[in-house]
């Protein structure tokens, strides 16, 4: 327990909140270039081939980003937009690619939740 005099001299240290998405640097999204597009398998109770890409961001960070939706057109050197949001069953994946923005096409034939997948309204 500090004395009053010690508190006057030093003060209490405020606890700093650690960011869950450090590569975004407090921005809502960041642009980057795909350096590798591949599939990976999820953690124990689940089984699938999840589509992910390694992205070199404009600020120099290299992150792994999840590609949501059925099918995608990404390949190496594609320019993508990254947002925060982890994938619980993929360790190390803390970002999502934004569908329907820059080089990422929206999901084809998507009828519901279209705004999340960059799909236009069907005629």
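Numbering starts at 1 and runs along the chain as displayed.
Backbone N, Cα and C atoms are what each Cβ position is placed from, and that goes for glycine too.
Some features that Swiss-Prot has for this protein:
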| type | residues | note |
| --- | --- | --- |
| MOD_RES | 89 | 3-methylthioaspartic acid |
| REGION | 101-123 | region 'Disordered' |
| COMPBIAS | 113-123 | compositional bias 'Basic residues' |
Cβ under 8 Å to the compositional bias 'Basic residues' (113-123), counting only same-chain residues 6 or more beyond its ends: which ones? 68-69, 98-101, 104-107
What three-state class does DSSP give the residue listed as '3-methylthioaspartic acid'? coil
Close in space but at least six residues away in sequence, with Cβ under 8 Å from that of residue 89 (3-methylthioaspartic acid), the same-chain residues are 42, 43, 46, 50
The region 'Disordered' (101-123) - residue tally per DSSP class, helix then strand then coil: 3 helix, 0 strand, 20 coil
